[in-house]
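Record features (Swiss-Prot):
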- 20-40: transmembrane segment (TRANSMEM)
- 92-112: transmembrane segment (TRANSMEM)
- 127-147: transmembrane segment (TRANSMEM)
- 165-185: transmembrane segment (TRANSMEM)
- 203-223: transmembrane segment (TRANSMEM)
- 259-279: transmembrane segment (TRANSMEM)
- 294-314: transmembrane segment (TRANSMEM)
- 329-349: transmembrane segment (TRANSMEM)
Amino acid sequence: MDQLLASVHAAGHSFLGDYWLLVWTLVKIVAVVLPLMGCVAYLTLWERKVIGWMHVRHGPNRTGPAGLLQPIADALKLLLKEIVVPAKSSKALFVIAPIMTIMPALAAWAVIPFGPEAALANVNAGLLFVMAITSLEVYGVIVAGWASNSKYAFLGAMRASAQMISYEIAMGFVLVIVLMVSGSLNLSEIVMLQTSGRFADMGLTFLSWNWLPLLPMFVIYIISGTAELNRHPFDVVEGESEIVAGHMVEYSGMSFAMFFLAEYANMILISMMATLMFLGGWSSPIDAMPFTWIPGWIWLGIKTLFVVTLFIWFRASFPRYRYDQIMRLGWKVFIPLTLVYLLIVAIWMKTPWNIWH
C-alpha cells in the first residue's frame, strides 16, 4: 500500500507539479466525506430496523429489497422540499446556522485515523483538535434558535447550549484521563499503546484495551456523548410534547437535513472516538487466526457499529429525563466522578502496579 501511494504521489507530482498537493488534499477530503454521508444515510435505516426489532416489528421494508432504498427516498424527499424562511426571522443567520452546525461535524473527521497511517491529517494534537472543533457546534444551535424568532426554537436552543456545554466538561475530563495513561494526543499512538502489555503478549489483546481499567470513564463518555448529541433519553431540547422540534422547529427541506446530518455524523464520530480511545481501534481482539485475517479497518467498523448500536438501544429502552435531572446528572454526578477517577489514575500511575508504562 505504501509503495502504491508513493507511486501515485510521484505520478501526480510529475503531471501537476505544485498543484498536486491541493488536488491530493481534495481527493482525501472527498474519500472521507462521501463514505461518511453514506454511513449517515444508512445509519438512519439501521436505527429504524433495530428499534423495529426491539418493538417486535419489521421496520422499513417497502422501499427496495428489505427497505435498503429507504435512505435514498428520504434524501430525495428532503431535497425536493421547499426551504421556508420565516418572515420575521433574521434571514442571513437563519440560513447560516445549519452550515455552522454541520461544518464542525465534518471537519473533526480530518484527524480520525482509519489505520496506522490512514488519516486525512495525522496531527500530534488530534485528541485536542476533535474536542475543540466539536465544541463549536453549539454556536450553530444558538444562532438557529435566535434567528428563527420563535419562542419554541429559542427555548430549545437555550436548553441545547446549556446541556452541550455541561456534558462537554465531563467528556473533556475523560479525554484528559486518556491523555494521562497514553502520554500522547495523537490518536494513532493512543491505539498502538493499547496493543502492548502483559495480556497483549499472551494474545488476549482485548484485555489490554483501555475499556477494562477505565471502564467507569468509558461508561461516562458514552452517556455524556448521548447528552452531547441531544439524543434520547436526553432529548428535552426537541421534546415533542413540550417544544416540538426545539431549535429546528422552523427549518424544512435541506436546512433541516443539515441538522439531521450533523447529529448522525457526530454520533458516528463519538462512537469512533470511543473505539479509538477505549476499544483498541483497528486492532483485533485476539492476536491469533482467524481474527488476524480480518483487516484492521473492518475491526474498526465493527467496534464503531457496536457503540452506535448502544446509542440506538438507549433510545429504544429509556424514557426521557426531565431537564433538571439531566443537569443534575452532569454537574453533580459525572463531573465529580471524572475528577475523582482522574486523581485515582494519577496515583495508580505512580505505584508499582502501573499497567500503562
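Going from the start of the chain as shown, residues are counted 1 onward.
Glycine is treated like the rest: Cβ placed from N, Cα and C.
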Cβ contacts the transmembrane segment (92-112)/the transmembrane segment (259-279), at least three under 8 Å, sequence gap 6 or more: yes
Positions whose Cβ lies under 8 angstroms from the transmembrane segment (259-279), at least six residues beyond its ends: 36-37, 39-40, 43-44, 98, 101-102, 105-106, 108-109, 112-113, 127, 130, 134, 137, 140, 144, 175, 178, 187, 190-191, 209-211, 214, 217-218, 221-222, 225, 228-231, 247-248, 251, 300, 303-308, 311
